[in-house]
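Colleague: Got a structure here, written out as structure tokens. Questions coming.
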């Protein structure tokens, strides 16, 4: 898949997720097979650009090309200025968020709430595309609710405004993440456009990725929640799409080493105590399908230092590898 001058391969992309797709996670997913990793949503209001959170979100030093930064907001010129600011700070792709269903975003008329105002969508897209000399992409949902499934209309507006690629989540804003994603609307959008279309929603296995590509004709798939605690899914999907072969599940030793490396990267990136706190949700995701995961989470979530968090994690997985019960009560 081509987005401007950038060839995106393999055709499996990490979705932007607030509080998840930070620099350590993006680097990990790219290393394990993602063809593109989109940053967390950054707010377009310049009053917040100097906050600790925003500075972390805007840190892309050392990331492989292309660097894709997602922006969110409601005011066309403010979004245009945010796009310029991020390009000046290293962004090579600008992604506009019109897909987030969160109430705190939609109540401010950002994210997927923008899909209710097609004229405003056109003004935002035009302003951002004209503001920067890098490709601009867009993420949307299939519509606002089941009675207003206007994704195809928004998609045509996007193409007409110069958007370089479009990602579509197969739910309406009203669904949030309930029910199941549907792909017929994505197929309809793909059939009507000349720009690349990326399918998103409920893609949680290599087989599902292949199925969605067949059903939609999309140029790539985008994976979000299924990568939480499972960043190797990108390599699994890429391998299956290339060969038709399902890779065996990763070994416990591989999971352990991947997680320990991820923890160390979080500790280094955020410092103490923030790194330990942010790592806790990732620990829960990595452990959730393993024996005594609830007990492990209860113990490791009480760790207050990087060394303690790493030691408890290493001991837990070492016990699983050895086939013995983890000594969680002793660790507590």
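Quick reminder: no glycine exception, Cβ is built from N, Cα and C everywhere.
The following feature annotations were taken from Swiss-Prot:
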- 100: active site, proton donor (ACT_SITE)
- 16, 17, 18, 70, 139, 200, 201, 202, 224, 225: FMN binding site (BINDING)
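Tell me what's around each of these sites.
Modeller: Taking the Cβ of residue 18 (FMN binding site) as centre and 10 Å as the limit, one finds 16 other Cβ atoms among all the protein chains shown.
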Colleague: What residues, ordered by sequence, lie under 8 A Cβ-to-Cβ from residue 224 (FMN binding site) and sit at least six positions away in the same chain?
Modeller: 14, 15, 16, 17, 200
Colleague: Residue 201 (FMN binding site) has how many other Cβ neighbours within 10 Å of its own Cβ?
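Modeller: The answer is 26 other Cβ atoms.
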